[in-house]
Amino acid sequence: MQPAKEVTKASDGSLLGDLGHTPLSKKEGIKWQRPRLSRQALMRCCLVKWILSSTAPQGSDSSDSELELSTVRHQPEGLDQLQAQTKFTKKELQSLYRGFKNECPTGLVDEDTFKLIYAQFFPQGDATTYAHFLFNAFDADGNGAIHFEDFVVGLSILLRGTVHEKLKWAFNLYDINKDGYITKEEMLAIMKSIYDMMGRHTYPILREDAPAEHVERFFEKMDRNQDGVVTIEEFLEACQKDENIMSSMQLFENVI
């Protein structure tokens, strides 16, 4: 399997990348596009590209329809329930499930496999720590594995969720110990992991203290009562009032 070509990303790669107006990485000839509500939109997610790589051949022929029919005969259990829980159609869920089972015959993705996936798409840096945090965000029940249900529910939020849903998902990602608060230590760990993942191929090259500065700007904006932690209420209110943050939400999809 060949890693997908690198796309333009924010230099810190985060949902809140515009807090300090961090410049974007530049690569000539490649433009970011807003995901469309189609199968191609699903494939913009690097994890989905990996999962669907064996089920989305270039061009079309009679074998495509045969594959779709075989998918219908082997629907995942609870397909109707998943359709109700997500914003994917039955056909999209079937396609996602087929790819998931092709790459993960056990029906599970463990953390080591998830890290290997992410390493392919960020070869210029070290994605290990960020992949660990992201894995925990997808692993909704905390059992150490991502089930198909975990995957599609999270993906539905990230690609087709409301602003409120996406922000709540991001808060859960940043709240590393899941106690309902984001501390400076947690945010610094997230920022360092994102900067490590992006590597040295950012423009301009980032200073060593850039992650800490980003965290300080984050707390100046989010921590209304200055108690040293950010609650979900503070996070949602501050984000939805900030035009830069709202316009940068698409950048989060590029990292995922």
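First residue shown is number 1, and so on along the chain.
Just so it is clear, glycine is given a Cβ too, placed from its N, Cα and C backbone atoms.
Residues or ranges marked as domain 'EF-hand 1' by Swiss-Prot: 67-123. Annotation comment: Swiss-Prot describes 126-161 as domain 'EF-hand 2'. Feature annotation from Swiss-Prot assigns domain 'EF-hand 4' to 210-245; the stated evidence is sequence analysis. Look at Swiss-Prot and you will find Cys45, Cys46 tagged as S-palmitoyl cysteine. Feature annotation from Swiss-Prot assigns region 'Disordered' to 1-20. The region 'Interaction with KCND2' annotation in Swiss-Prot covers 243-256 and rests on similarity to another entry.
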Secondary structure content of the domain 'EF-hand 1' (67-123), with strand meaning DSSP E or B: 39 helix, 3 strand, 15 coil
Local confidence of the region 'Interaction with KCND2' (243-256) - pLDDT mean: 60
Secondary structure content, the domain 'EF-hand 4' (210-245) (per DSSP, counts of residues): 26 helix, 3 strand, 7 coil
